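Presented below is the structure to which this report refers.
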Amino acid sequence: MALIPTATYQAPDIPHREFHPGDGPHTTSGTTTQISDHVINAGGEDRDKPTPHKDTPMGNLRAQLTTLQDQLNVFLTERMKLDKQGKSNEQELERKILDEAEDEEED
Amino acid sequence: MTDKLPYKVTLSIPFETHEQATIAKNTLSPDPIVKSVDEFNIEYEINDNILQILFSGASNRIIRVTISNTIDNLKTILECIDEFEGKQDHLFEIDGEKFTG
């Protein structure tokens, strides 16, 4: 029996979103948990690289969990960027309102 | 009342047995992932052989950090179960010191 890890996400603007590792292939080398591309491109070696998974239920679960971790990390990083963007838009709007109020006072 | 921790992720990890799910829960639960209880909460539940972990946070950022950290720990637990479950302890010596494992 395959052991498949899943996740659900919920936020004020997203009532329900599901994550499923999919058909694969799955490995233990996560794209979001390895050393940075910059270091790899400079010839660096990831000394903490995880061992490859065995073809056992626990081994395959570990590989699938790595895929799920990548999916969650990518999604949440994107959401963090949007949060940051939203905050800076709010600040920009606040600055505009304050500037306009000052201009009106000067008039 | 507004929810102070409105960002939520539920992770469902199926194990082969209830005992494995319990081992994972008992390994993860004693260590707090972050200090701030105002910004984050984590709950563990076991239903049969499935370990469910509910993360609730004040932001996407704290959810992102705590989930990735927990999954890293879970992967180590899975690897340990895969390597050592069902194996008999045996006595061995290193530099005259006796160990079991």
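Cβ coordinates are placed from backbone N, Cα and C, and glycine is handled just like the others.
The region 'Disordered' annotation in TrEMBL covers A:1-59 (among others).
According to TrEMBL, the compositional bias 'Basic and acidic residues' annotation covers A:14-23 (among others). Residues 4-8, 64-65, 67-68, 71-72, 75 of the same chain sit 6 or more residues outside the compositional bias 'Basic and acidic residues' (A:14-23) yet have a Cβ under 8 Å from a Cβ within it.
Away from its own ends, the compositional bias 'Polar residues' (A:26-36) comes close to residues 44, 46, 48-53, 60, 62-64, 66-67, 69-70, 73-74, 77 of its chain (Cβ-Cβ under 8 Å, at least six residues beyond either end). Annotation comment: TrEMBL describes A:26-36 as compositional bias 'Polar residues'.
Same-chain neighbours of the compositional bias 'Basic and acidic residues' (A:44-56): 26-30, 34-35, 62-63, 66, counting only residues six or more beyond its ends whose CB sits under 8 Å from a CB of the stretch. Marked as compositional bias 'Basic and acidic residues' by TrEMBL: A:44-56 (among others).
What TrEMBL lists as region 'Disordered' is A:83-107 (among others).
Here TrEMBL flags A:83-99 (among others) as compositional bias 'Basic and acidic residues'. Taken residue by residue, the compositional bias 'Basic and acidic residues' (A:83-99) breaks down under DSSP into 17 helix, 0 strand, 0 coil.
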